[in-house]
Amino acid sequence: MKVMTATQTPKPVTYATVTWDQLHRDARTLAATLMEKHGPFRGIVAITRGGLIPAAILGREMGCRLIESVSVISYAGEEGTQHEPKVVKAPTAAGDGEGFLIVDDLVDSGITAKYVREMLPKAVFACLYAKPDGKPHTDHYVTEVAQDTWVLFPWDTAPLFVPPLVRNEKD
């Protein structure tokens, strides 16, 4: 994970960039842990949108074809202000969560994770990355990230051309 600080904002923000390769490695690591500790799952519940891609990778690695989703809105605006969670699509196939795995990309404050766990109390909760405030709400994660770090996932970023420094030199 590449970490950098943005100084253009009033309060410095630390960014951690996750590449596609790293995401796949971390998802496979998580799958191995889950298979060892829990055996096969009946299904997976992906928390949209961040949990969709990790759920697809975990489903492939663990041989689980039933992938359900739950859509919870708890962030609003460009500044990412967190509000009271609201379910816009419930997981219909998961029942009380028994035999199911809940997957998200990141557990941040834990608000969404706690809310979904209350919906599916018998499910196992796993994510790729966890911040300290969210750690108590997940059963498994791969990497801990500082609470003040903004994680940039590959689906949120785009590679850009950067001209060589020599082009900026004046003759």
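Counting starts with 1 at the first residue shown.
Including glycine, each Cβ sits where the backbone N, Cα and C put it.
Annotated domain 'Phosphoribosyltransferase' per TrEMBL: 20-158, in sequence order. Marked as 5-phospho-alpha-D-ribose 1-diphosphate binding site by TrEMBL: R49, G50, D104, D105, L106, V107, D108, S109, G110, I111, T112. Residues annotated as Mg(2+) binding site in TrEMBL: D105. Summarising the annotation, TrEMBL assigns GMP binding site to D108, S109, G110, I111, T112, W150, V151. Residues annotated as xanthine binding site in TrEMBL: D108, V151. Annotated guanine binding site per TrEMBL: D108, V151, in sequence order.
R49 (5-phospho-alpha-D-ribose 1-diphosphate binding site) sits 16 Å from W150 (GMP binding site), taking the C-alpha atoms as the reference points. In this entry, 5-phospho-alpha-D-ribose 1-diphosphate is bound by R49, G50, D104, D105, L106, V107, D108, S109, G110, I111, T112, whose most widely separated C-alpha atoms sit 17 angstrom apart. Looking at I111 (GMP binding site) and D104 (5-phospho-alpha-D-ribose 1-diphosphate binding site), their Cα atoms lie 13 Å from each other. Most buried of the binding-site residues L106, I111, judged by other Cβ atoms within 10 Å, is L106.
Sequence-distant contacts of the residue listed as 'Mg(2+) binding site', defined as residues of its own chain at least six apart whose C-beta falls under 8 angstroms from its C-beta, comprise G50, G51, I53, P54, C127, L128, Y129, V151, F153.
According to its DSSP assignment, T112 (5-phospho-alpha-D-ribose 1-diphosphate binding site) is helical. The two recorded residues, W150 (GMP binding site) and D108 (5-phospho-alpha-D-ribose 1-diphosphate binding site), show a Cα separation of 10 Å. Secondary structure by DSSP for the domain 'Phosphoribosyltransferase' (20-158): 45 helix, 47 strand, 47 coil.
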